[in-house]
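Below: the structure, in structure tokens.
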Amino acid sequence: MNTPATSNKVQALDPLTLPLTGSSLIEASAGTGKTYTISGLYLRLLLGHGGQTPLTCEQILVVTFTNAATEELRDRIRKRIQLAYKCFLGLTVNDPFIETLYAQTVESERPIALKRFDLALKSLDEGAIFTIHGFCQRVLSDMAFESSLLFESEFTLDDSEYLHHAVRDFWREVCYPLPMMMAQQIDKHFVEPEKLAAKVRRLLGASEAQPSTTPKEFVSLSQELITSINRFKLAWTAQQEATFELLTNLPLNGSRFGKASDGYPKLAKLFDELTNWVSYGQGLPPQKTLTQLALSDLKLNKGGVLPTSKEAPLLAQIDDLLAMINDIIPAFLVRAQAGIKQRFIQQKNQRNLMTPDDLLTSLAAALDANPHTLATAIAKRFPIALIDEFQDTDPLQFKIFNMVYQTPALVTLPDSDISANTENDANAATTPYQAAQSSLGLLMIGDPKQAIYAFRGADIFTYISARNQTQKLYNLDTNYRSSTALVDGVNHVFNQHANPFISDAIPYDVVKTPDSANQKTLQEATPQTAALRIKILKEDPDNGLNKPTARHILASDTAAEIKRLLTEAQRGQCCIKDKPLIAKNIAVLVRDRNEAAIVKKALSARNIGAVFLSRDSVFATNEASELALILRALANPKDEPRIRAALATSLFGYTAQQIDQFNHNEDARQQVLDEFTHWHELWVRNGIMPALLSLANDRNLVHRLLAKNAVQTPEGETEQTDDEEVNLDASGERRLTDFRHLGELLQQKATELDGSSALINWFEQQLIDNQGKDEQQLRLESEQNLVQIITIHKSKGLEYPICFIPFVSLARGGTQRPEPLLYHANGKLIWDIQGSDEAYEQYKKETLAEDLRLLYVALTRPVYACYLYIANQSKLLKAGISSQLYETAIGYLLGIKDKNCDGELLEKQAKALASIDAISIDEVASVPDSSVFEDNQAHNVQLSAKSTQRKMGLPWRVGSYSGLVKHLPHEKVSPGADDEDFTQDSALVEDNPNTLALNRFSFERGANAGSFMHLVLELFDFTQAETELEPALIEAMKQYGFDQQTWLAPLTAWYHDILHTPLIKPDHSQLCLAQLTANQTLVEMEFYLPISQLNATKLNALLAQYGYINNFSFDTLKGMLKGFVDLVFEHQGQYFIADYKSNHLGNQLQHYNHHAMSEAINSHRYNLQYLLYTLALHRYLKLRLPHYQYDVHIGGCFYLFLRGMSPESLGSGVFFDKPDAALIDQLDSLFSQPVGSEAC
């Protein structure tokens, strides 16, 4: 990482004078007010401060890298704008920047500035504050024409299903036809497609990575290998004896080939192995045997001379064969990356899908294809861009911003004009390009010392490259977060090394503190000047110090010190600003959930509660692995092997004896099978979440997990190897939270996938990927006053009064090379496909550099005090101590250069840090305090329920006519026949119940028929019945399941009767539905009547006054009354209500006379319904008609009993009423009556 540092001079930032155009990079060390600076620059841009044109919130682009950071930035900017607004109103605000901004604004312009702030507050929610992916999505959607992309693309956060299909397609198409020898080699490395997917996934996200070498093309390599093997077999048969004789005459290495005096027996064995393979083998030759016989690796004793390839052609041929075999996997991976990527893209293109990564690649590709038009459009839309957390950028992201804000693509003149202008006016003050750039600004804010997200694609080398290209460099060098002593301590630690972050391009500049930071102290019984408290743990002189033992001791000492602090706080002897320290003031910073679990166990043993916050994926938990087994069993409830696997999970909770009962006891077996069948049916019928909740309830999951609400560490933890990682967090709350979280994710995904198999495949793919997407990150299991255990990655951007950092001196687990291995060379990302030692060393160097940045992040989280533990993780070998401390960030800063570090050297180097008062050095207690913390507050406080001091208000709700009539407190209100009551139809007159005639009277009764009849009348224009009625009937019959052949003719005749039946009312000319044009009608008019307070007693009294049925009983209603009017129509200047009733009153037309209809209306309380409809129409017309009068404009209400309507029987099936105007007015007043009023 010896990247040359930029030659640009770094200036201290003054946010009031920073040029807002051009490119500037602001390096903001931890705690130096980065967000405060961004919000201040935002205010300047709103005002046009510094000679700029004022911008709106929609024109100022602010980009950060997470949704949470976006919302935080928006909130902080809003608060600064509010403060500025108050200041420009003339109010006092405690913000020096805003006060200076006010003072520098000309008095005559202050009213305009006030308006700009007011507008900004109103429009900030629509402001251009995005994540990088949100920005790309906005550009691609709003500028689809300029970007030449589809206007409509579906966006998805989860593309794992499509990657799964792409990998399997590639596996099937490429791997299945392979010759056996090639297939064996592929199978040896990948076993199954999912293993390949796990390795390719990262490569797809690092598209700029270049292979370290270019291997032969996979197909041609396969053909060449087959030819070479066949040639080698022939050569072996012909030359093996001569080659053996040649070798036995050489001074061969005895450890590899055996003793010469015994005739080199190991050599003979190697030859026998190859002879057997040549004679009988079908696949590749034994590679270990080939390696030992290869000419290039032939081991001879000292003084021996290797034969030449001409002298030992068979051994030279082995060299060539080995090289080809070793090229198989690199060639396959290159082919797989390209092939899977192609199929992956095709999968998404076919579905018109885009993922967050696709947004970036699509925008970058669009800029490449159309740099002038698109870049100009973006720059015109967003003249100024502020990029937050710029150290977390990647090459593609920087390319996008660079093309928009720093390249000549923005020039709006033709190329010929540019060149002509430049050539003909060499002395011009500015070129057209410079003029185009003059109003644009790219302000990047970041801290390379906090670049810790390489696993998410962030690339510190991109930041360094951008830094070198930037016109102006600034820094923020005053820490407003931490105490002076703590800042001094951190400065001292990182200044111990000349190159603290390995790269020359990332220097450590000393950070200052304001005067107020001197007052930030932890008040303790014995005052301590040291804020950075280092505790060292030496190795055992006889046994060294392995990693599990070290973790156990460090966690115990951390818990003991936390217990001490909390105990003193209860006595009033450990305070922050005179307030006793509490548990949630303390954070323990760890690297992963395994370390968190060890700390949590140590705290739990001392009766101290803790909660773990992490960015880990919930799919990386044990619960996810177990749930996968349970899902397979639920999907296949007759598959006994799968059921046994589910029963064996800790989630299921079966003991070994119970599983044995399932195997041997028929009753027990059948009971379990019945349970799984029940859960399977629930899944199919109601969804996966109800099935899992039923399973949890039936298996008493909540009680079982919470009863074991403590971390259970496997016995013999200290016997594990240093590199072994185990999942130790088994607390009940944690596991229950994970189970519920997984269930929710499954339920959500089930809406997108078809069937249980697809859902299970998706779930199992997540177990492999476990990328830790936002919605998949572990949730907080508790929000009580608890010690915060948090990963260093998640802690970035946060602060805590006191921090413990117990494990950073322990080497990373595992010595296995990562696959794929990515590293940098000359600023470019390289994919090591050959497994070279040089690449691995560079990778480890970059990993150590990131560990140094992680350590910096950890040390800059606390405000008052930080406990840093340093342990000499080591082994005791014959040659002496073998320490791993040199592999760690803190070891690097201490100057530990190799394995030869013992306790004395550690102590010496650590004490060198204590040369200032801000740092103290102590040793970890050999026997940490294990006493239990007594939480006096938890035991002494008497808790009781708070007594209510006021009456409970009525719940606001939406009611309906049905609710008032049927006394239903909550109901769903839908258009159609839902408001009809069919319960009494069967009790009405039935003259001839056995009739078989197909007519209106024999047509089906009930809700289904009622909805059908309503729908028909909604589907056509009444005046166009001759052409539109029959298609409307056919459409409705299809929807409601009526046989066309049987019912089309009778229904057509019946509906013609309905349309032509006169609607008779007093003092009005005859009218029928067939006369009403579409312009005269409003179908299914929806209304909401606001109700302050309505109770049944007052409504009954009002209805009785006017002679209407009045025995209603319902809960007092406050809120809205919702309904749908079947038909509102206008005729001769009056407005009428028509409601269709499908009720069966009898089998003859006379059964639908006025008396019969009145009985039905009173029986079903339809009179209240049409009163409500009339009130709704009355209120509507009052708002819409000038000079509205009820008696003039309201025509009345028709209730049309469809089965009784016939032109041949006047009045049959047609019921009419026009409520008195005074009743409607009083009903209106009743609905508007204020709460608490007794007026009627």
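Cβ coordinates come from backbone N, Cα and C, glycine included.
Just one of His793, His824, His1014 is listed by TrEMBL for the same Mg(2+) site as Asp1126, Asp1139, and that one is His1014. Comparing Cβ neighbour counts within 10 Å across the binding-site residues Ser29, Thr35, the minimum falls on Thr35. The predicted model assigns the region 'DNA-binding and helicase activity, interacts with RecC' (1-910) a mean pLDDT of 86. When the Cα of Asp1139 (Mg(2+) binding site) is compared against those of the binding-site residues Ala28, Ser29, Ala30, Lys34, Thr35, the shortest separation belongs to Thr35. For the binding-site residues listed here (Gly31, Gly33), the lowest count of other CB atoms within 10 A around the CB belongs to Gly33.
Summary for the binding-site residues Lys34, His1014: the Cβ-based neighbour count within 10 Å is maximal at His1014.
Annotated pair His1014 (Mg(2+) binding site) and Lys34 (ATP binding site), C-alpha to C-alpha distance, rounded: 64 Å. Taking Cβ-Cβ distances under 8 Å and a sequence gap of 6 or more within the same chain, the neighbours of Ala28 (ATP binding site) are Lys34, Thr37, Ile445, Gly446, Asp447, Asn475, Leu476. Here Asp1126 (Mg(2+) binding site) is positioned 63 angstrom away from Gly33 (ATP binding site), judged by their C-alpha atoms. If you measure from the Cα atom of Thr35 (ATP binding site) to that of Asp1126 (Mg(2+) binding site), you get 58 Å. Looking at Asp1126 (Mg(2+) binding site) and Gly31 (ATP binding site), their Cα atoms lie 65 Å from each other.
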